[in-house]
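S.K.: The structure that follows is given in the form of structure tokens.
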Amino acid sequence: MTFLEVLVVALIQGLGEVLPFGAAGLLAALPHLAAKPEGRAALSVAAHAGILLALMIYFWRDVLAMAVGLWRLAKGKPDYGSHLLLHVLAGTIPAAIVGWLVLDRASTLVGQSGAAIILILGGVLLWGCDKLGVTVRRVEHMSWVGAAGLGALQILSLVPGVSRTGITVTVARLLGWERQAAVRFSMLLAMPLILGHGVKTFWGLAHHTELVFSSDLLMAMATAGLAALIGLAGMMAWVARNTFVPFAILRIGFGIAVLGLVYFGQA
């Protein structure tokens, strides 16, 4: 892959992980990149490492609270951080198990047209659920059932175009979560999944190819991490006072654009 292609893929990975679009759906608009397997696995590991670091920096208070909570849980004196950690784990386990089993085949579940249609439908659902959902619940109100349910929904994000952030935020809004709280818990759920994805991919690379650490990988890590941090900060600032409607419109627009590329013979 060229320098520009690495940069574009890293940007898409970083923004797609935190915004309700999904990197797989966005890459459907750039099939010439999606069709280049060389170096993509290593690039994905590097990009996800940067994204994970970005999430940990942005939500450092929650990360610290969960770390302390783990220690207090081991001492038999659970606190808020302990409960938050357990809720995140409850929401992570279903998606982690399924993802570990089918991750390598997930990208073939639908084609470009299917991913485009899913992008459009997801945008419509996000728009509708954001408008219909009341705003009364926060992360502190999370139940075990709610955590496990939202976590299980992440399994659907294995289908290109669904978007892990998109599906969890959409349902959270329908259930009455505050917008920032919906994004926050979605990102907390993402951390162990991103870590698991990176470990699985790295393990496969280590056993089947010779690992080469290059400047391209460092650039991908930095670019994806910075894109994720800026995208997340921007979205959190926006939804503090506004709705998810612009993100829903962008999803719909991306979907229409991909369909146009497919049916006019450019993809």
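Glycine too: its Cβ is placed from the backbone N, Cα and C atoms.
Okay, so Swiss-Prot annotates it like this:
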type: TRANSMEM; residues: 6-26; note: transmembrane segment
type: TRANSMEM; residues: 41-60; note: transmembrane segment
type: TRANSMEM; residues: 83-103; note: transmembrane segment
type: TRANSMEM; residues: 109-129; note: transmembrane segment
type: TRANSMEM; residues: 142-162; note: transmembrane segment
type: TRANSMEM; residues: 185-205; note: transmembrane segment
type: TRANSMEM; residues: 217-237; note: transmembrane segment
type: TRANSMEM; residues: 244-264; note: transmembrane segment
S.K.: Using a cut-off of under 8 Å between C-beta atoms, tell me which stretch among 41-60, 142-162, 217-237, 244-264 contacts the transmembrane segment (185-205) the most.
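M.R.: Of the candidates 41-60, 142-162, 217-237, 244-264, 41-60 scores highest.
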S.K.: Do at least three CB pairs under 8 A connect the transmembrane segment (41-60) and the transmembrane segment (109-129), leaving out pairs fewer than 6 apart in sequence?
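M.R.: Output no: the transmembrane segment (109-129) is apart from the transmembrane segment (41-60).
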S.K.: Under 8 angstroms, Cβ to Cβ: which one of 41-60, 142-162, 217-237, 244-264 has the largest number of such pairs with the transmembrane segment (83-103)?
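M.R.: Looking only at 41-60, 142-162, 217-237, 244-264, the most contacts with the transmembrane segment (83-103) come from 142-162.
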S.K.: So which residues does the transmembrane segment (217-237) touch in its own chain, when a touch means Cβ under 8 Å and the partner is 6 or more beyond its ends?
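M.R.: Here the qualifying positions are 3, 6-7, 9-11, 13-15, 17-19, 42-43, 45-51, 53-55, 57-58, 180, 183-184, 187, 247.
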